[in-house]
Amino acid sequence: MLKTPTPAQHELEMVTLEELVPKDHLLRKIDAAVDFEFIRAKVAHLYCADNGRPALDPVVMFKLLFIGYLFGVRSERQLMREVQVNVAYRWFARFRLTDRVPDASTFSQNRRRRYTDTTVYQEIFDEIVRQAMGHGMVDGRVLYTDSTHLKANANKNKYDVVKVAQTPSAYLAELDAAVDADRVAHGKKPLPRDDGDGGAPGGKPEEKDIKRSRTDPDSGYMVRDDKPRGFFYLDHRTVDAKHAIITDTHVTPASVHDSQPYLERLDRQRECFGFAVQAVGLDAGYFIPAVCKGLEDRQIAGVMGYRTPNHKPGTFYKRQYEYDRYRNEYVCPAGQALPYSTTNRSGYREYKSDPSICRSCAMRTQCTNSANAVKVVTRHVWEWAKERVDARRLTEWGKRLYARRKETVERSFADAKQLHGHRYARMRGLRRVAEQCLLAAAAQNIKKIALLLARMRALLRHFCSPRAPMRRLVAHFSTPSGRFGCRRPKIRFA
């Protein structure tokens, strides 16, 4: 029977925030697992102790920011509306029911005036990682790295085409030395270079045309297979294999290749956290000679994906040309030798065929269509490192290690996009997007630490309970009638 509710007046009730927040709420688990007091010491030098108006407690401010990333609140203005009505958020920030919440401009003004050009966000992220290490959730032996794109707050149709000087590769100096050493070993002179551009002497630095956004000039125009085109940022993220704790995040424009910042970020983690990295899992985008050689030099076992190279139908694959390392030459499918010719500036040795033989070869159309009937096969000076990494991929151990990418770094990105608002850049500019990625990664780590510790405590309570099945089983086997309590019969020999 449906009844019309009688009008009721608001009653005066005696309640506390502690009673209103559920015992199993995520913020309760975070409050019990993570210590945020270190933030106050990290930012103390940015505040004045005896002058000015009272500032919002920095611990409270960053707690509020973490709430926004933990629950996917899209903006700081919306976050303050949520804190106004959500008792769990108030409890976590140590606000009373009648306390006035900060204005949304408090965050933007602190970001603009106080935290600009500081490393506060990076230091907070690093300290959260160290707390995870203190709980035994990170060991740094196996790391997985990948990148994902964040759509910049910019219209892809509003841009200017500008010429910019090409930035030399981070590995250029080492590659130049390797090329010169290889040429000298083959009886050739080192290549002349100009320190200004790394190319031909006397030449101008190479330039290229790029699309620069008028709205967010720091973003990069992304053109990749099976990816949307437009202005994006890339979040290069590394996670530990043990519990998928994020150990590093680095932001670049989307026009930067994944492999460019990799070795530098890997060295930073080894130095900052003291990781003894033994193996890394990477996708095919990192499978370049410089990264493979860098890992081999650091005695780190790299396992990388393989991308099928572009191939013209009806022609031979490069793998069909066998390399003879003792004679330093390639042998074509027809049995002709392709001896060493030179080493170019890009670090590739060139092996060329004899045109007098190729002109009359029955397989010429499958080999080369060049007018001078010369087949050129290239081999990088660091090809040995790529071969070692590729061989490791085919082992059973390598297959198991690479298969865990989907449940570590790829799962981390999936959670970030689905639950923590990581599809879009909330602000403009490389520095501010980097702050967003650091806070989002720190929030994911905080959540992971809290849930893992809560699970461990639940298991301990279960097994320590007098009614726990394992406890009863151990007690049974510890009795004289149980197996563990039985005396072993004596064996007598005749």
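Cβ atoms here come from the backbone N, Cα and C positions, even for glycine.
TrEMBL: automatically predicted annotations, no manual curation.
As annotated by TrEMBL, compositional bias 'Basic and acidic residues' applies to 186-196 (among others).
Residues 152-156, 158-166, 196-197, 229-234, 252-256, 425, 428-430, 433 of the same chain, all 6+ positions outside the compositional bias 'Basic and acidic residues' (204-221), place their C-beta atoms under 8 angstroms from a C-beta of that stretch. Residues or ranges marked as compositional bias 'Basic and acidic residues' by TrEMBL: 204-221 (among others).
Residues or ranges marked as domain 'Transposase InsH N-terminal' in TrEMBL: 16-113. Each residue in the domain 'Transposase InsH N-terminal' (16-113) gets a DSSP state, and the totals come to 60 helix, 0 strand, 38 coil.
Note: the domain 'Transposase DDE' (331-449) comprises 62 helix, 19 strand, 38 coil (DSSP; helix = H, G, I, strand = E, B). The domain 'Transposase DDE' annotation in TrEMBL covers 331-449.
The feature region 'Disordered' is assigned by TrEMBL to 186-221.
Residues of the compositional bias 'Basic and acidic residues' (204-221) grouped by DSSP class, helix first, strand second and coil last, total 0 helix, 9 strand, 9 coil.
The average pLDDT for the domain 'Transposase InsH N-terminal' (16-113) in the predicted structure is 92.
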